[in-house]
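See below for the structure under consideration.
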Amino acid sequence: MGDNQDMGKSFLETVKFDDRGLVPAIVQDQETGKVLMMAWMNLESLQMTLDKKRACYWSRSRNKLWLKGESSGNMQVVHDILIDCDGDTLLLKVSQTGGACHVGYHSCFYRKATEALSMEICDTLMFNPEDVYGKKS
């Protein structure tokens, strides 16, 4: 039998943010079940995602909110947000426009280990990142 002790709490009260105020969010294509990416959310990005039904994350490298698709056009429409049994990981089920990965692939998990312990590409390249974000200097 499942543990229903948190069922009286609101969704936001159930989320256990870490000491930096973040919670990991796994992002999955709602139609295919394919895992697209993992990102971090803080309370503000989670509230924005819940309000707008568009994925918003917290960028640790830029130290600011990141509305997915803001610069690339590759947005994520959020259909469901699930929380794990411990309350410390979220699962977003989304409809992905274009590629989810900033290097141009449909999924950030576009490489797999071979038996020889090398890597091979196992996903579809959706766009050229230089065309979308410009060349890195």
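Backbone N, Cα and C atoms are what each Cβ position is placed from, and that goes for glycine too.
The annotation Mg(2+) binding site is assigned in Swiss-Prot to Asp84, Asp86, Asp88 on the grounds of sequence analysis. What Swiss-Prot records for Cys85, Cys101, Cys108 is Zn(2+) binding site, and it gives sequence analysis as the kind of evidence.
Annotated features, which come from Swiss-Prot, shown on the structure.
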| residue | record | DSSP (3 states) |
| --- | --- | --- |
| Asp84 | Mg(2+) binding site | coil |
| Cys101 | Zn(2+) binding site | coil |
| Cys108 | Zn(2+) binding site | coil |
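Between Cys108 (Zn(2+) binding site) and Asp84 (Mg(2+) binding site), the C-alpha separation comes to 21 Å. Counting other Cβ atoms within 10 Å of each Cβ, the lowest count among the binding-site residues Asp84, Asp86, Asp88 belongs to Asp86.
The Cβ neighbour count for Cys85 (Zn(2+) binding site), using a 10 Å radius and every protein chain shown, is 9. If you take the C-beta of Cys101 (Zn(2+) binding site) and look for same-chain residues 6 or more apart in sequence within under 8 angstroms, you find Leu36, Met37, Ser107, Cys108, Tyr110.
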